[in-house]
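Chemist: When I checked Swiss-Prot for this same protein, it listed these features:
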type	residues	note
ACT_SITE	Asp78	active site
ACT_SITE	Glu140	active site
BINDING	His76, Asp108, Glu165	Zn(2+) 1 binding site
BINDING	Asp108, Glu141, His351	Zn(2+) 2 binding site
Amino acid sequence: MPLPSFLEVYEGLISTSSISSTDARWDEGNEQVIAKLADWLSALGFSIQIEQVAPNKQNLIAKLGSGEGGLLLAGHSDTVPFDEGRWNYNPHALTQVNNRFYGLGTADMKGFFAFIYEAVKNVDWSKQTKPLYVLATCDEETTMLGARHFTENAPFKPDYCIIGEPTSLVPIRAHKGHVANAIRVTGKSGHSSNPALGVNAIEIMHEVLFALMQLRDRLIKEYHHPGFEIPTPTLNLGHIHGGDSPNRICGCCELHYDVRPLPGISLDGLDNLMHDALREVQQKWPGRIELVPLHDPIPGYECAHDHPFIHGISEICEQEAQTVNYCTEAPFLQQVCPTLVLGPGSIDQAHQPDEFLAFEFIDPTVRVLSRAMQKYCF
């Protein structure tokens, strides 16, 4: 049976829905897309290992060749949900219009596996000395469960890893982390005609906000990384809700905020800073202020700017490595081996209606991946 074409693989990936979401109404498994990847890669000679990470959630690990070290090409197999009313094309079909591939996951980032497939076909593997690995993870768009699972249970240690997120084929060597929390203030409701009979949660939240803004100033003052366009951590107050009526003392108020820590700031250290910032107001209002994570925190990531892997990939891409502010699975895979983020398409298309990947990325991406395979597997 002839091998499927690049286009057939791409179409198969996009037409197989694999949405992950914290909303159970949207959340799907990724088993169908993993099964397709397993079939395609095994046809190229890869050995396949599928790990059940959670119900309906799988990681795929594929290996071509033998020996130690080698190169790992990694990516996530899930996508975000979509707003059908804002799409002009079928999100679950590969539509070719305007020299672009349209569809959910074309850029972020199921399409990357089609490029791996095509690059492997283009390489003569007869003199291979080190293995090539492919990792397809689950739930990157929500909990990064797949990457966390792989890091904790990695069955091999490659020399290097490339994560194929959309970077416009510019190597990314560092990014900030992401921590999102809720602060819930519980007061005591009552009629507004007698404030003494209640405890106003909005007024307590006012004190909480002041403490967080002081923490924000402290983070800016004490932490700096010249490699980033925004060289300090950021703290954003993103959502607040409290009360239900102007003539009622507010009984509860909730704030959602996020922090984007620089590489090198430990998650435990940041957590301690946040609790220190709130300690005084919590002591003033015992039992009324609760800090709750909105998702598992993601640390910052950095591959040292002078690492040989950066020099090698920059030479292949003819692009200097850069830093970005968005998050990837790199902080986890970096624990296994030196890791860079590099892939086709623009991050501007990620999580957008009418997501697309421009045709202009096709040949350069296959060329870059083929050269990386030849450099690190031979």
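Glycine residues also receive a Cβ, built from the backbone N, Cα and C atoms like all the rest.
Distances, neighbours, how buried they are, the whole picture for these features please.
Modeler: Counting only residues at least six positions away in the same chain, the Cβ atoms of Ser18, Ile19, Ser20, Asn30, Cys138, Asp139, Glu140, Glu141, Thr142 sit under 8 Å from the Cβ of Asp78 (active site).
All protein chains shown were included, and the count of other CB atoms within 10 Å of the CB of Glu140 (active site) stands at 25.
Secondary structure at Glu165 (Zn(2+) 1 binding site), taken from DSSP and collapsed to helix, strand or coil, is coil. Sequence-distant neighbours of Glu165 (Zn(2+) 1 binding site) (same chain, 6+ apart, CB under 8 A from its CB) are Gly75, Asp108, Met109, Phe112, Ile172, Thr328, Val341, Gly343, Ile347.
Listed in sequence order, the residues of the same chain lying 6 or more apart from His351 (Zn(2+) 2 binding site) and placing their CB within less than 8 Å of its CB are Val80, Asp108.
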Chemist: When you average the Cβ positions of His76, Asp108, Glu165 for the Zn(2+) 1 site, which other residues in that chain have a Cβ within 8 Å of that mean position?
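Modeler: What remains near the Cβ centre is Gly75, Met109, Phe112, Glu140, Glu141, Ile163, Gly164, Pro166, Thr328, Gly343, Ala350.
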